Amino acid sequence: MTRVCRALLFVLCGIFVHAQENELHFFGPRTDVLVVFTASREAQERETRAVQQLRLLVQDFEHQTPDVSVLVAITAHDHPPVPDFVPVDRLTGTKKLISLISSYKAPIVLILDETTGPPRLHTGAHRTVCPPWLLQAVYQHLTSHHVPIRYRDFDAILHRLGWLHEDPRHALYIKEHIPAVRMENSLYPPGALHTLPALLTQVYSEEWDTHYVSVSYGGTLYLIREQFFVILILGAVITLLLSLAIFSFLSDSRKRHYWNTILAMWWLPAILGVLSVCSVFVATQLTALFFLIRFGTHTSTGALPLLALIVKHSIAIALSCVCMANSKTIRDSMLHNGFIGGYLASTLCLLYAVLFSVIDFSLSAVFALEYALSLVFFSAQRKTTRRIMLAMMFLLFAPFLYAYLKNSAVTAPLSFHQSNVFFALGCVPFMLFMLTLFFEREKSHPRIPFIRRRNLLLSGALLTVLVINGVLWSVSLSSTRIPQEITACYRISERGLTLSLHSPLPIPRHIRARTHARLSTAEIQKAQDHLQISMDSRSYFGGRINVLEVRSQLRAQAIELRITSPHGTAAYEADRPFTRLEQGSVVRFISQARPPLPFTVTFSGDQNSTMQVQATVWTYDNPLQDAPPVMQDTTVRFIPMFELTRDVLFPSPSSQGVHATPEKNACIRDETVPNLQE
């Protein structure tokens, strides 16, 4: 049986036709550029202010038809109201919309969201930002219509670093290489959105520069393009070569002195780099250990991300200071050749302008500015000037530090798994600057013993660790005032009843326990009577078309089907997306959230094959008379949920006379479709 025949059969029989759940409104003639306004209903399918704004926009377009292609789409089932552990098809409406607009040559998407704060423009997701022409056009158009849109110029860099929360719908458009921006506002003035499609059609370009930086001033948005950063990196390389060649213009004695000092101190940045990386790695493991001891789970750092970052980096700084203070080699080298520390640090800044451009081109500009400040630091003779330059370098990275801590829910997973090396290497120039100032002070104040300053430093590091651990042990994840929500999932199958607890926060030790309760066969059968499975089988072209239907007396939140064919392929094609497992002998279907009942799946399979069907339904309705008790606690609020699983065996059509009916409430009907003449 060929795939063409199966597809033809599906079309002829009309077995599956799913209702379009997205609300679509097309306006204007069909052109290459399609401007899409879209918003999503909430989890309870309630219309948000953004959806209401789109309905007003539809009325405007009906009154005055645009001259370009415009689509107003209200998507459904993007925010399923089920816990994360329930396997449902998420972002269903957005996926359908993407498959629809992909037929156009140049779709442009504007996502509308409501907000309680000031209007804001979001340009990035999936570590990518929208094209610069789209950002500039939308920003200046809204400001010209007196919409006080808020856009932080620094957000473009943070989006590329992955340090900001991203909307999953926006990420889907970016992954499909569809230009998209997300606008948060409660209400737009009349005409602000109506005239936007014509402007976007005029400024559309296939160019997609992802490494730009924006500067907004006076209602105008200025863009620094990618070419600037390429030239900046080339300039950094040329400057580095010139800084090495400048030694040839020095006198022989000074040249020899500088080269001897550099050759004697070349190892210092390498040692500090290794020390910084090791300190951050050890601090990461110690922080995870402290949180494990305190909360009892390895994932507890995600529950308190800001505290986890503060603990980790405080320990890393303390370890680095302790190691540097106790290193006699570093002390002797800096006392005799301390002047070269600033030069080595400035050279590192120049190298980092090239190295960190691998992460993001715009970071090369930041390190180029740090290099300029480090040159002043190195050449300055007054200590006050050096301290001012060091403070300015700290201020240069202050926005990164603020965003790093503010968005700790996003940056903490990166910090604990991916970004340790780059973060540690980025601290090396500051370590060199601090060492230079520290040992210059020792030279100017020889009466203060070094051992006293070292002990003071060690005492400060130890006190920092003790204070942090005291704060850690005083923090609680839940309280009687704000109880922790835990989903208690009762799993009912032929094996009996099990209870599992799920929560985005770590579950306390005295509550985190799995209960294995026993149910009698009669109780299991009574619970499974709420779930009926039937299959209609049709023979066609040497194969079979199967229509599997799941009915439930319970209000289903999600449904999962696993179809197993032990001696063949479970499914070749189907009317729903599915996943093949175990080389095709098992297929898996998952529904959207709150699927309409009965849940029907149509698929093609082998002519004579035995099928094992496992249906799982998640519901908040109780199929049992009495649910097993859960431990009561004033700091926890339990949400009961039930996972009902039923297995049904459908024998092959050739053996139906031998086998009995599969099960109660499970039936199979066999019909033969006459062969169609070609």
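Here the Cβ of each residue, glycine as well, is placed from N, Cα and C on the backbone.
For reference, Swiss-Prot has these:
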REGION    653-678  region 'Disordered'
TRANSMEM  228-250  transmembrane segment
TRANSMEM  263-285  transmembrane segment
TRANSMEM  300-322  transmembrane segment
TRANSMEM  334-356  transmembrane segment
TRANSMEM  361-380  transmembrane segment
TRANSMEM  387-405  transmembrane segment
TRANSMEM  420-439  transmembrane segment
TRANSMEM  455-477  transmembrane segment
Leading contact stretch, 263-285, 387-405, 420-439, 455-477 vs the transmembrane segment (300-322) - CB distance under 8 Å: 455-477
Surrounding residues of the transmembrane segment (263-285) on its own chain - C-beta under 8 Å, 6+ positions past either end: 312-313, 315-317, 319-320, 323-324, 330, 333, 337, 340-341, 344-345, 348, 415-416, 420-421, 423-425, 427-428, 431-432
Long-range environment of the transmembrane segment (455-477) - Cβ separation under 8 angstroms, sequence gap at least 6: 290-291, 294-295, 300, 303-304, 307, 310-311, 314-315, 317-319, 321-322, 325, 484, 505-506, 508, 635
